[in-house]
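Right, one structure below, let's go through it.
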Amino acid sequence: MRTTTRRLPPAPAAAAVLLAALTCLLLRPAAVAAAGGHAADRIVRLPGQPEVDFDMYSGYITVDEAAGRSLFYLLQEAPEEAQPAPLVLWLNGGPGCSSVAYGASEELGAFRVMPRGAGLVLNEYRWNKVANVLFLDSPAGVGFSYTNTSSDIYTSGDNRTAHDSYAFLAAWFERFPHYKYREFYVAGESYAGHYVPELSQLVHRSGNPVINLKGFMVGNGLIDDYHDYVGTFEFWWNHGIVSDDTYRRLKDACLHDSFIHPSPACDAATDVATAEQGNIDMYSLYTPVCNISSSSSSSSLSRRRTRGRYPWLTGSYDPCTERYSTAYYNRRDVQTALHANVTGAMNYTWTNCSDTINTHWHDAPRSMLPIYRELIAAGLRIWVFSGDTDAVVPLTATRYSIGALGLATTTSWYPWYDDLQEVGGWSQVYKGLTLVSVRGAGHEVPLHRPRQALILFQQFLQGKPMPGRTTNVTVA
């Protein structure tokens, strides 16, 4: 990874992804074992898991029989007293990063992974308190998802990812028929700023009544390459992390480039910017980087990612959470409990992200704005949120992109308040879209501001604006 403008978020050192593809023929029994219905996918207990009052399921759904592509999912249901709760599909980006690794394990999921992968602790602000949350590793080759066609790893792109994700949903609802017609939402962050609206468009156009799509939500996501570049470079300059000369050079070289496939001139400009920025966490400007040595590779030592806040580190910040999930998901007993790598044939290290998929990404449309316009007109609930300390897809980028839609404002920019009557961020309501910022959060909002993120999620599900100062707020 040479620049912060391409990976969202950056992958760890490249896993032996080709080995993954070559061993997938041996892994395929995972899909077969889960084919008998959702009861076969029930997780009895994860290693090191505390007692819980909700059920979990995980397994494989085959999305392309001919190619042998199977996607891995993890479902964390809401407690019985909260049912029937909505179903929410969560997607992380990259492209090439695992929703199980990030969304489920260090953001909004039910658990946080302990140091050295020793076990799990319950996340007080887990989103499955109010919804049934479905995490999907996509495309094939990410996390535990796999393909029997090795070339798939080198030919992934937006279009196939969206269609495979739709095929996953159609089959998943057959395995879990009690979720048919349930209120359904798609949510995600980062490069899922593409995945979420693209999949939502497919679901909407399908007219499939089983998938009762009500809306989508995107956090710190790529929306429109031109406006995202403008807002990102402005944020860098305003925060003093690039020089005047580099700011001008970035604008000259990059503004009309693809965010995912930049030109050599843009690459060169972002290399200069990266050198000027130094060893900081661009995904959360004011938090520390992980300084634990690693045997994986030198590139993993300089990863700049947001990290987690943990119950045993009250008030402090742990910048090394990725190391913990890597250790945990490489445990054979964990894989067995998850119904992953059923045959034990996986002879490569599970990683949070795939460098190979990321660096060989194919089609990546430069703008999601046409999809936004289509789905706004269709009446879907659409929310966009942004942590205001993210320097990769910063709030300024999101505001420029949303501004390009030209929507009428129904409620002007105002501070919203959390349950402690502290300013949680700011919001503006447009005709057909709600924009929310989260104060002090980075690229992964539920990671740095978990309590405020849960309030945001609750308001989204209820279709209510972010609370003002006089509004009584209850956190689930």
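Glycine is treated like the rest: Cβ placed from N, Cα and C.
If you look up Swiss-Prot, you'll see Ser190, Asp390, His443 marked as active site, on the strength of similarity to another entry. According to Swiss-Prot, the feature disulfide bond maps to Cys254-Cys266, an assignment based on similarity to another entry. Look at Swiss-Prot and you will find Asn148, Asn159, Asn291, Asn341, Asn347, Asn352, Asn472 tagged as N-linked glycosylation site. Residues or ranges marked as O-linked glycosylation site in Swiss-Prot: Asn352. The annotation blocked amino end (Thr) is assigned in Swiss-Prot to Thr314. Swiss-Prot lists 1-34 with the feature signal peptide.
Rounded to a whole number, the C-alpha distance linking Asn341 (N-linked glycosylation site) with Ser190 (active site) is 28 angstrom. The Cβ of Asn291 (N-linked glycosylation site) lies under 8 Å from the Cβ of Pro319, each of these being in the same chain and 6 or more residues away along the sequence. Cβ neighbour counts within 10 Å, taken over all protein chains shown, single out Asn352 as the most crowded of the glycosylation sites Asn148, Asn341, Asn352, Asn472. Its own atom aside, the Cβ of Cys254 (disulfide bond) has 26 Cβ atoms within 10 angstroms in the protein chains shown. The distance from the Cα of His443 (active site) to the Cα of Ser190 (active site) comes to 7 Å. Long-range neighbours of Asp390 (active site) (same chain, six or more residues apart, CB within less than 8 Å of its CB): Asn220, Met282, Tyr283, Ser284, Leu285, Ala441, Gly442, His443. Ser190 (active site) is 20 Å away from Cys266 (disulfide bond) when you measure Cα to Cα. The recorded positions considered are Asn159, Ser190; of these, Asn159 has the fewest other C-beta atoms within 10 angstroms of its C-beta. The Cβ of Cys266 has fewer other Cβ atoms within 10 Å than any other of the recorded positions Cys266, His443. You'll find the Cα of Ser190 (active site) roughly 15 Å from the Cα of Asn352 (N-linked glycosylation site). Among the glycosylation sites Asn148, Asn159, Asn352, Asn472, the residue whose Cα lies closest in space to that of Cys254 (disulfide bond) is Asn159.
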